[in-house]
Amino acid sequence: MIGLPPAFLFLIGLLLVPILKGHAQKIWTLLLGAAGLAMVVLIGSSSPDLVVAVIPGIDTILLTTDSMRQLAGAIFALAGFIVIIYATYRDLNSVEIVGILASVAAALGIVYAGDLITVFVFWELLALSSLAIIWASKDSQSSGAGYRYLLFHIFGGACLLGGVVYTIATTGSAAIGQAGDGIGFLLLFIGIGVNAAFIPLHTWVPDAYPRASVLGSVALCIFTTKAAVFLLAAIGGWGTAVAYMGGAMALYGAVYALMQDDIRRLLSYSIISQGGYMVAAIGVGTVAGLDAGLAHLVNDILFKSLLFMAAGAVILRTGSSRLSDLGGLSKTMPKTTVCAVIGGLALAGVPGFNGAVSKGMVIEAAGAVPYLTPLLMISAVFTAIYVVRFLYLGFFRSASGRGNEQIPRDAPLPMMIAMSVTALLCIVIGLNPALLTSLLPGMSAAHPFAASHLFESALIFAGAGLILLILRPLGRPWRGFERDIDFLYIRAGRSVAWVANNPLVHGADLIGAGLRHIISALRTIAANPPVACQIALRSIALPCVRAFSDPSKTRAYEERLICMKDQYPDEQISIWGGGYGIIFISIIAFLYFLFDLMK
């Protein structure tokens, strides 16, 4: 049993990373990843909770374990170690590798947290570390993508914090439990939904992930969305609204992935789509649904990181991330091609690969919610199509005229080691599902080779094949469709900016001018109030004088008024003592009646 939360091992260890250089930095990072994985494996499901009283009356639980947390912690630690191996293909970028280690720490902190306060702290750490990974890239557009990522996660973090505070205020406890209802449910739903890429809060994923470096994209695809899915599972009690949201994510992400030319944008939409399967399963609310969602979380981390690693190797060797610029890589990068094919087949749910295990479990569990199964089946058809398109255009299409024939060698050795280990896991779990299902909280069984599941897979691939035959999307590579729902956010932002820069500014100017005139008038009156009042009264009476007096008197009246205005405020009006007395008595009388009314 280990008493220290694994997150703290990474947080302490990453402090040395900026100090070390070259091979020492690589060796230390590898040792840290291996130690973290070993630490997670050695934590027993019966380990005592680590409780720290930070807030009087509310316990913060930094470490609590059960079978669900053990499984999630193991896959996060394993994936983190694989990413570190992948990273050693070149000299490490200190900012980027610190961000990756902090992301591993944050994900493990969320997994092993026993209260919402601890979850929120690590939630924010995960956002900041992901931002560091994005900004560590030398991509010219990474700065803007990072700022947009930050805006989304400030909003999501604020909603999550509001949900945490509301939960504590209404229940008196910060323990992770049922989502409840009302305002607390809505705030938690939105806060977690931003990180889980709920529609329409998803646009930061295809915007930010392709802007990170080759290594950064691999790390980003693992932690943020999956940690959010885990938190959904840990809280529970969401209802069918979350299940249908998952179905919408699965279909929306698959359709948009099909329309992408940039391979990392394609895989980013695939993150949304496959995350939808997890969310849908968790939303079903049954033991089978929870197990299916967690199983797909594990499998998606494996095959999605494998595909991102293969894409990174392609970008490294070709200098391009666009399918329209690629082709022929099966001959020039055969080992990378094999890994990409394994990842693609797992993503498509081909029996014999790990994706088929959990995808079948999800679709089976979805039968408890009306119309959810057909929605996921249709999504699976689109998934198979974009996988075929990705593999064909990127690797098996003729490279004629694209210059890829001259690529001298395959991916670097560290990349190949990381990809090979991940590909092997995809196959092993696919052929022996019990290795995974025995670790699930409900120990639900998976039967990917049962006749019903094979028939289900046959329907999906037949539908995909029919669409490929009719529409022939492989023969005409296009530059992609990159307009997502965020164009509405852009228009809304421009509208707000226009209102702020036009009506509001002009209105503020008019109000300011009016106030300046009023202040000027008051200052003028204050210079000699009696004369100012006399001038005002004479000005008001002037039309009547002109109407009813003879011209000579009118002219004298006007001359007197002009003279008073010219001499103002120098001319002093004389007030007799009796006048002062009348004014004083009037003030006293007014105050008397005022106090009388207030009784």
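Quick reminder: no glycine exception, Cβ is built from N, Cα and C everywhere.
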Quiz item: Can you say which of 266-288, 496-518 is given as transmembrane segment in TrEMBL?
Solution: 266-288
Quiz prompt | Outside the transmembrane segment (451-471), six or more residues from its ends: residues with CB under 8 Å to it | solution = 348-351, 356, 360, 363, 377, 380-382, 384-385, 388
Quiz item: Looking at the stretches 149-176, 182-201, 369-392, which one shares the most CB pairs under 8 Å with the transmembrane segment (109-137)?
Solution: 149-176
